[in-house]
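Read the structure below first, then the notes.
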Amino acid sequence: MTKPSATQLSFMMFVLLGAISALTPLAIDMYLPAMPAIAEDFGVMPGDVQITLTIYTLGFAVGQLFYGPLADSIGRKPVLLGGVGLFLVGAIGCTFTHSVEMLVWVRLLQGFAGAAAAVVIQAVVRDMFEAEDFARTMSFITLVMTVAPLVAPLIGGHVSVIAGWRAVFGILAVFSVIMLVAIYYKIPETLAKENRQPFHLRTSLRNYAGLLRNRQAMGLVLCGAFSFSGMFVFLTAGAFVYIDIYGVAPQDFGYLFGLNVLTLVMFTTLNGRVVKKYGSNKMIMFGLTIQLLAGIGLFICWVADLGLVFIVPCVMFYVGTISTIGSNGMALLLNKYPNMAGTTSSIAGTLRFGIGSLMGFIVAHLPGDESWPMLTMMALCAVLSIVIYKVYGESKQ
């Protein structure tokens with residue numbers, strides 16, 4: 001079968017794939033402005049609420065190990081439907097929970113469910129496109145997807161002020177129902193039966209082991225993982241730093257967060273336009289360099305106590321490069337393992353969110369009334385990401 005070019009994918013399919021991919025950004029970003037309110041409602045410390053974000057990504061990381069081989073075995077669509085259905089159950093549970101401990105467990109379930117969308121969407125696109133077209137298509141899907149983190153904190157901030165933080169999760173439940181209907185009627189099965197791999201635990205473990213032993217593959221995976229982890233540190237601590245330390249109103253936090261998404265849109269659009277000309281390796285290096293400079297800027301903000309007016313632009317450029325680094329890294333990685341797209345996406349996502357969870361856990365247990373844990377950890381992640389890529393991930397061809 002001849003694979004289409006990125007320009008042949010319908011606009012509505014771009015939007016739908018982006019919307020499905022937006023489940024996890026919505027689940028993370030929409031309740032960020034409500035975190036202080038949740039802590040106050042349950043009478044707990046900020047770190048206790050931050051754990052609900054960390055535990056979500058832990059479930060997300062573990063879930064990807066499960067969904068990848070399953071999607072390679074039974075097809076993409078059944079896994080996607082099952083995952084989004086379970087995500088809906090988690091959203092309803094979050095809406096009606098009455099303790100932070102219960103919220104933690106339900107968020108774990110929701111994260112596990114949300115992993116299905118992340119794994120399957122990348123596998124669907126890889127089924128349809130070759131390397132550069134994959135990177136270009138994922139960039140445009142990411143561009144559609146970025147509407148979610150742009151509007152999510154704005155919606156979450158205003159909804160939590162007007163209707164309370166539980167209403168935020170109610171909106172997530174409604175969105176999940178809409179996505180279930182859209183998947184059932186509009187998403188085709190892209191994995192032909194003759195290309196499916198029977199699910200065997202031993203085979204899955206062998207495939208994972210082969211990926212883990214490949215120096216360049218793991219360089220690409222870990223490069224993307226630490227790049228993402230720096231952003232996740234901001235997601236974990238940013239609301240408390242901006243709102244509690246620098247006095248930003250919860251409903252205004254979304255506007256500052258939206259600035260990050262504007263730079264993300266800018267870099268994603270640029271990547272989609274020029275990746276076929278310059279190649280994925282050069283575009284990754286471009287993104288890593290910008291992120292490193294932003295990380296150094298954040299470190300200087302801590303050392304010189306420069307304040308929010310300097311922190312915000314550094315965070316903007318730091319977060320803005322995430323899609324450029326991630327989409328090109330996955331393009332190169334999946335091109336090396338075209339017949340294991342689900343499994344490869346799984347291990348990449350597991351390590352990305354597993355390391356992100358670890359970094360978020362560390363930040364959540366450092367002093368919550370100071371900005372240095374967030375600023376220094378983001379700088380460290382940027383340094384690790386570019387060093388790993390240069391030493392292990394960069395193609396020598």
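Glycine residues also receive a Cβ, built from the backbone N, Cα and C atoms like all the rest.
Per TrEMBL, the feature domain 'Major facilitator superfamily (MFS) profile' maps to 10-397.
Taken from TrEMBL, the feature transmembrane segment applies to 49-67 (among others).
The transmembrane segment feature in TrEMBL is assigned to 79-98 (among others).
For 104-125 (among others), the entry in TrEMBL reads transmembrane segment.
For 137-155 (among others), the entry in TrEMBL reads transmembrane segment.
Within the chain carrying the transmembrane segment (167-187), a Cβ under 8 angstroms from the stretch's Cβ atoms is held by residues 12-13, 16, 19-20, 23, 26-27, 30-31, 34, 76-77, 80-81, 84-85, 87-88, 91-92, 94-95, 124, 155-156, 159-160, all 6 or more beyond its ends. Marked as transmembrane segment by TrEMBL: 167-187 (among others).
The transmembrane segment annotation in TrEMBL covers 220-243 (among others).
Marked as transmembrane segment by TrEMBL: 255-272 (among others).
Sequence-remote contacts of a segment are chain residues at least 6 beyond its ends whose Cβ falls under 8 Å from one of its Cβ atoms, and for the transmembrane segment (284-304) they are 223, 227, 230, 267, 271, 310-311, 313-318, 320-322, 324-325, 328-329, 332, 371-372, 375-376, 378-383, 385-386, 389, 393-394. Taken from TrEMBL, the feature transmembrane segment covers 284-304 (among others).
Under 8 Å from some Cβ of the transmembrane segment (310-334) lie the Cβ atoms of residues 122, 126, 131-132, 134-135, 138-139, 142-143, 146, 217, 220-221, 223-224, 227-228, 230-231, 234, 238, 241, 256, 259-264, 266-268, 270-271, 275, 280-281, 283-284, 286-288, 290-291, 293-295, 297-298, 301, 341, 344-345, 348, 371, 375, 378, 382, 385, 393, 395, all in the same chain and six or more residues away from its ends. Per TrEMBL, transmembrane segment is recorded for 310-334 (among others).
Positions annotated as transmembrane segment by TrEMBL: 346-366 (among others). Here the transmembrane segment (346-366) has long-range neighbours at 47, 50-51, 53-55, 57-58, 60-62, 64-69, 115, 118-119, 208, 211-212, 220-222, 224-226, 228-230, 232-233, 235-237, 329-330, 333, 373-374, 377, 381, meaning same-chain residues at least 6 beyond its ends whose C-beta is under 8 angstroms from one of its own.
Long-range Cβ contacts of the transmembrane segment (372-392) within its own chain (Cβ-Cβ under 8 Å, at least 6 residues beyond either end) map to 215-216, 218-220, 222-224, 226-227, 229-230, 233-234, 236-238, 241, 284-285, 288-289, 291-292, 294-296, 298-299, 301-302, 311, 315, 318, 325, 359, 362-363, 366. The transmembrane segment annotation in TrEMBL covers 372-392 (among others).
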